[in-house]
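Asker: Input: one structure, supplied below.
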């Protein structure tokens, strides 16, 4: 009798295990298969794509990629995306760390008000600023310029960066700063020699979030750019991948080019990215 | 002198971030609400006060209500799909019920780092006649003439979108929940096990109550994220067929940047902001009610 229940319990356990593995394996297949399918399809000539979507390429070709670059101007878009991502991320890190230091360690009555107004920015829907920004950017001539895009990207990524930075700097003991001040160090010296070196972890988190956000951003780039020379990769890819477009191979190649940098980044930095999302993802979502 | 130095340093440090933030976010938000009561002409830079006309116009527009319905569908998938699924997967990993959990975690999370627009295009191709989903159905049903019409069906087109939403965002919640589960003191669980608590009891009486705060926070995130979502559906269907998969954000985009009705667009965005504030307040109230019931 006792043996019996033990056996059924064991069987149930094995069954549960099996079920749990099935769930995770299904998730893994659902993630990997579309990416693999996209990858090998990007080497198929147009005719093979239409004839059989399953099949591996019979006659693999690079022409989809050369097409995407020559006809699709993907190289221009990619360079723009690289500029936007690097410059915006750099500026966000510098500006947010400066503000974080002031908010956390320099006493001022304005701090609660200013800091809270940054926090409100975390909950703001981008759509709420889209139209007035479009109007004012058009009027001052910053629409459809690289500077305009960078300007907007810096602004929308600042709230999260200022929040993460300030909370991090707050945790640095005051005594460190006080003893430096007694030794005659200025605020600038303290910032560069003490605060910044200690803030490396939070700067990595900010870097990951901002870089991902800038590289992947679509709606603002769509609204604020109209000429090919300033378009970013997502807008460029979208522009020739609409529902009616039929050059499938070229689109597949473009999608592969667009997603590869982020997948590489993730495989290299998956530890930091996971940690960053655990800390900051709770806010950003 | 000392004080002057401190204040001026403070200003130097805060200025760059504050100036950009005010120019791009704070100021436009205020003027957006103002614009929603006007008829604005961008070529003449002229705004004519029209009172509530824009609001009346959108409330009478069936497309607006379709968009609203779809937005609630997206919220529903996030709150009752992504969050529970992410929670369960995180719990299974936390209790070490799977080996190779780092790999599986990465598999669930990977879509998060890929551009939403790319995911949208990729999945629209997967569901299209040149994609594999119709082919798989052809093979399973043994009907080589099967053609997939779900993406062009006005009643069903939201279903594949819901699936892709789950595919994309579950990983984010998995990571958040896992990080918070790992913060729970293992001694509590051990003590409960010694007292003879079953796995189910531990889950219901210890794990879930510890994570109430995170559940509320993620729900707020899911709601505000769902309200502003744009990229995925814009890339997958562009709001079509016709307007049956429109979201408020796509409706607003079309009104503003296709039809150049900037006042109407501003009214839609104001509605979106109010909606998100109301939903966030509702969630907080629900949380308080749970707290009272628990106490």
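Cβ from N, Cα, C; glycine included.
What TrEMBL says about a protein is an automatic prediction, not a curated fact.
Annotation comment: TrEMBL describes B:7-30, B:72-94, B:101-123, B:156-179, B:211-237, B:257-283 as transmembrane segment. Here TrEMBL flags B:68-283 as domain 'ABC transmembrane type-1'.
Are these features on the surface or tucked inside, and what are their neighbours?
Answerer: Residues 89, 93, 160, 164, 167-172, 174-175, 178, 231-236 of the same chain sit 6 or more residues outside the transmembrane segment (B:101-123) yet have a Cβ under 8 Å from a Cβ within it.
Sequence-remote contacts of a segment are chain residues at least 6 beyond its ends whose Cβ falls under 8 Å from one of its Cβ atoms, and for the transmembrane segment (B:156-179) they are 70, 73-74, 77-78, 81-83, 85-87, 89-91, 93-94, 105, 108-112, 116, 119-120, 123, 127, 150, 211, 214, 218, 225, 232-233, 236-237, 240-241, 244-245.
Panel annotation: around the transmembrane segment (B:257-283), residues 32-33, 35-40, 42, 47, 50, 54-55, 57-58, 64, 75, 216, 219-220, 223-224, 227-228, 248-249, 251 of the same chain, lying at least six beyond its termini, place a Cβ under 8 Å from a Cβ of the stretch.
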